[in-house]
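Novice: Straight from TrEMBL, here's the annotation block:
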| type | residues | note |
| --- | --- | --- |
| ACT_SITE | His49 | active site, GMP-histidine intermediate |
| BINDING | Ala33, Thr34, Gly35, Lys50, Asp51, Asp52, Arg53, Glu64, Asp83 | GTP binding site |
Amino acid sequence: MLTFVCGGVRSGKTSYAEKGILNTKLANLHYVATGVVTDSEMQERVYRHKDDRLQSVRSWQTWEQPTGINQLTFSSDDAVLLDCLTTWITNEMMAQEDKDLDDMIRFLIKQLEKLVASAGEVYIVSNDLSRDIPSSYRMVQDYLYILGSIHRFVVGRSDKAIEMVYGVPLLHKGEEV
């Protein structure tokens, strides 16, 4: 099962995904953290997310994986939360600067396919940047093109697609439980 949770900054995406994945009957919970601490705000977010998982009724295995999520191996007994897609794509673009846009999209999709195929349940968290003012910078335009392509791929594969708006989940695909 694949659930996609998208929304604006601080919209409650991660909290919603964590609560959802806690309801799984699968034995193991995994948190794939793609962020890299670059400033005090990011450090605070990392601490808050770690603390949330420490306070959880179930234990989590955390993987700090800014790139190369295809290096992780899961089983059908594993529920995986990938947080977050937007950061992971940025990290991969910086690490793979020589790839053209379509090669980068294929590279990212291949990694996501492996993740989804190997785990019993996957939640993918991402930011909605599609409503921002269009940028005149080529790199930003390329990033948004890749992100939009990956979002369409993930939603196409998802059993559920949820948009978080001010902490309220709006179901766009799938059935409410």
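Glycine is treated like the rest: Cβ placed from N, Cα and C.
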Novice: Need the DSSP three-state call for Asp51 (GTP binding site) to compare against my parser.
Specialist: helix
Novice: What is the interatomic distance between the Cα atoms of Ala33 (GTP binding site) and the residue listed as 'active site, GMP-histidine intermediate', given in whole Å?
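Specialist: Approximately 10 Å lies between the Cα of Ala33 (GTP binding site) and that of the residue listed as 'active site, GMP-histidine intermediate'.
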Novice: For Gly35 (GTP binding site), which of the three DSSP-derived states applies: helix, strand, or coil?
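Specialist: DSSP assigns Gly35 (GTP binding site) to coil.
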Novice: Quick check on the binding-site residues: of Asp51, Asp83, whose CB has the lowest count of neighbouring CB atoms inside 10 Å?
Specialist: Asp51
Novice: In Å, how large is the greatest distance between any two Cα atoms among Ala33, Thr34, Gly35, Lys50, Asp51, Asp52, Arg53, Glu64, Asp83, the listed binders of GTP?
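Specialist: Result: 17 Å between the two most distant Cα atoms.
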Novice: In sequence order, what residues of the same chain, 6+ apart, have a Cβ less than 8 Å from the Cβ of His49 (active site, GMP-histidine intermediate)?
Specialist: Thr14, Tyr31, Ala33, Asp83
Novice: Measure the Cβ-based neighbour count of Gly35 (GTP binding site), defined as the other Cβ atoms within 10 Å of its Cβ.
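Specialist: The answer is 19 other Cβ atoms.
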Novice: In sequence order, what residues of the same chain, 6+ apart, have a Cβ less than 8 Å from the Cβ of Arg53 (GTP binding site)?
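Specialist: Looking at Cβ-Cβ distances below 8 Å from Arg53 (GTP binding site), excluding near sequence neighbours, one finds Glu18, Tyr31, Trp60, Thr62.
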Novice: Just how many other Cβ atoms lie inside 10 Å of the Cβ on Ala33 (GTP binding site)?
Specialist: 20
